[in-house]
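Straight from TrEMBL, the features:
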- A:12-31: transmembrane segment (TRANSMEM)
- A:43-62: transmembrane segment (TRANSMEM)
- A:74-99: transmembrane segment (TRANSMEM)
- A:120-141: transmembrane segment (TRANSMEM)
- A:161-183: transmembrane segment (TRANSMEM)
- A:190-208: transmembrane segment (TRANSMEM)
- A:269-291: transmembrane segment (TRANSMEM)
- A:311-344: transmembrane segment (TRANSMEM)
- A:364-384: transmembrane segment (TRANSMEM)
- A:390-411: transmembrane segment (TRANSMEM)
- A:418-435: transmembrane segment (TRANSMEM)
- A:441-458: transmembrane segment (TRANSMEM)
Amino acid sequence: MEHQSEILSPTTGWILLILLAILWIYLGIYWGKKAKNLDGFMLAGRNVGLAFGTATAMATWITSNTTMLAPQFALQLGIWGMIAYSTAAFGLFLFAPLAKRIKQLMPKGYTSGDFIRLRYGNTAWYIFLAISIFYGFTWLISMGMAGGILMNALAGIPYEIGMTMILLVCVLYTLFGGLYAVIGTDYIQSLIVMIGIVVVGAAVLYSIDLEQVYSDLQTEKPMLIDALLPASLIAIFNNLLFGIGEVFHSNVWWSRAFAMRKGVGQKAYTLAGLFWLPVPIAAGFIALTSGSLGVNITSPDMVGPLMAGHILGQVGAVIVFIVFFCSLASSIDSLLAATSDLIVEDIYKKMINPKAKEQRIRRISMFVIIGLGVFAWLVCLPRIGTLATVLFFAGPMVASTIYPIAMGLYWKTASPKGALWAMVLGSLSGLIAYFNLGWYTASLIGAAVSIVVTTLFAKINKEEFQWKLLDESQSGPNG
Amino acid sequence: MKALSTCLLVLFLTLGLKAIDPEPPQFENPPENFTESGYIKLSWEWIPGAESANGHEFELQQAPDAQFSSSTAIYQGQDFATFLSGLKNGDYYYRVRVKEGGPWSAWSEPTLVRVQHHSLSLAFTLFGLGALVFLLTVGIVVQGNRKVTQNP
């Protein structure tokens with residue numbers, strides 16, 4: 001019953017939705033023709049260059065998390081909240097050297113799960129898979145929800161239908177084209193998103209009086225411009241560490257590191273971070289103008305699209321619809337592809353059917369992509385919370401994986417027990433903080449516990465890991 | 001006869017007015033709410049009456065006391081919720097009413113939002129902890145990268 005006044009008519013919304021659906025599915029089929037074998041379908045032939053590599057990393061990181069959560073952060077946590085969101089760029093910056101190292105150590109690797117299994121053994125691998133797949137689901141669900149919320153807020157399309165449509169479109173084109181389609185569409189989507197954000201940003205600056213916005217904030221929402229708002233001070237490093245955890249552990253980023261040509265990964269991730277850094281600030285700022293422009297916000301995750309649509313009017317709302325749709329699609333497709341790779345490679349191929357032939361694995365991949373889409377759809381149907389609460393629930397778990405990954409790539413003494421306990425204790429302590437202090441503390445606490453545990457175990461461990469064991473093409477699948 | 005007609009007219013008008021007087025909305029939030037972050041969502045429910053075809057309008061008021069002696073209208077419109085943020089420490093009372101083309105309904109039961117931000121000492125402790133963990137993370141990656149570049 002929380003009716004929110006929409007900007008576009010449902011008819012316009014439907015026309016846009018159908019046109020975008022046809023375009024992305026056509027491109028998925030077109031790029032899918034390149035995927036002639038499993039490496040092509042899962043890793044785009046391991047031959048992605050700098051332009052596509054940068055675009056896909058940036059497009060994937062510009063998700064509903066950026067275009068919808070950054071404004072939500074600004075509305076909830078003010079100026080610091082907006083800046084806190086942009087610190088997630090450090091995830092990409094710090095992953096840049098890791099991407100180079102990953103490609104060097106595992107030239108024929110497939111997933112982040114491969115690394116944990118080979119580096120730390122099966123027990124840590126099971127825990128890691130549980131965390132990574134759970135995180136993939138929360139991200140996927142938060143974006144399915146975002147799709148429904150967006151179409152409902154902008155065009156009055158019922159939440160259930162909008163959410164179904166965006167999941168369906170992304171499942172279809174990922175199914176046809178695998179990672180080729182994902183990276184190809186990411187390239188176009190990143191261009192559309194960047195142009196759209198520049199247009200929206202310019203229009204906002206042109207149409208509002210900054211002094212008036214400041215004065216209204218001082219009167220109506222004074223803590224949003226208070227440099228000492230406690231929750232936002234806490235959120236800064238919480239979000240930064242969450243961003244690092246997301247990128248370090250997730251197969252979305254590892255699969256791109258494997259897919260990029262040798263020498264490309266480090267540059268591509270650095271450039272993507274630089275391009276991404278200002279986007280949350282541009283997207284987040286408009287949320288602060290809601291009071292001055294008299295726009296009522298019924299749910300904080302709607303503030304971004306609503307404000308942009310309100311400021312730009314009918315034509316602008318069409319641009320906003322396209323930009324937000326692209327930002328969502330560019331991440332949903334990546335998640336479907338990377339999570340299905342993780343499930344197929346780490347669970348089906350390694351645990352269930354190690355002798356499976358390439359054709360069979362590809363068929364299983366397609367079933368998994370459909371299954372992921374259906375599962376996400378079922379969980380998205382009841383709108384269970386705001387985007388932030390859904391996504392940040394996984395925060396402590398992913399933050400607890402930072403050090404098993406980073407130290408595991410550089411320290412020979414990083415130990416299996418250390419990785420295991422870092423993930424378990426980091427996740428548990430972070431979840432306790434989530435429920436007792438607030439969602440904006442959970443990743444920070446999880447990461448702090450994880451770094452201490454991983455370091456302690458590494459210091460007392462006398463055994464040194466042999467890096468060559470990570471290259472399965474040299475050592476064979478069983479090490 | 002004239003007096004009787006006047007009485008009937010007054011009775012009719014009174015009943016008539018009563019018939020189009022809408023029921024007040026009710027908050028979905030509990031009567032007392034607490035936040036440590038300065039933001040909260042207020043939502044209310046209301047069943048449209050016979051006049052709903054003419055559209056409806058809510059008015060939401062905020063006041064620092066339960067008597068609403070110095071209240072401010074913070075929202076007027078058709079939505080069934082509003083998101084509040086940036087609130088300073090303190091008690092805030094809210095009430096909502098509705099009209100459907102006719103007179104306003106009575107006010108809803110008020111709801112209290114008590115804002116008590118986290119202490120700054122907790123905020124700075126966690127800020128400092130976060131900064132330390134971040135710097136150590138940068139150190140692990142930068143030093144590790146330098147080491148493997150020099151000695152692959």
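Note: Cβ is positioned from N, Cα and C throughout, glycine not excepted.
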Any contact, the transmembrane segment (A:364-384) to the transmembrane segment (A:161-183), with at least 3 Cβ pairs under 8 A: yes
Maximum Cβ pairs under 8 Å to the transmembrane segment (A:43-62) - stretch from the list A:12-31, A:161-183, A:269-291, A:418-435, A:441-458: A:269-291
At an 8 Å Cβ cut-off, counting only pairs 6 or more apart in sequence, do the transmembrane segment (A:418-435) and the transmembrane segment (A:269-291) clear the bar of 3 or more pairs? no
Spatial neighbours of the transmembrane segment (A:12-31) far in sequence, C-beta under 8 Å, 6+ residues away: 151, 154-157, 162, 165, 168-170, 172-177, 180-181, 184-185, 188, 318, 321-322, 325-326, 329
Can you work out whether the transmembrane segment (A:269-291) touches the transmembrane segment (A:74-99), with the criterion being 3+ CB pairs under 8 Å where the paired residues are 6 or more apart along the chain? yes
Positions on the same chain near the transmembrane segment (A:161-183), where near means CB under 8 A and six or more residues out: 17, 20-21, 24-25, 27-32, 34-35, 40-45, 48, 52, 55-56, 143-145, 147-152, 255-256, 259, 325, 328-329, 332-334, 336-337, 365-366, 369-370, 372-373, 376-377, 380-381
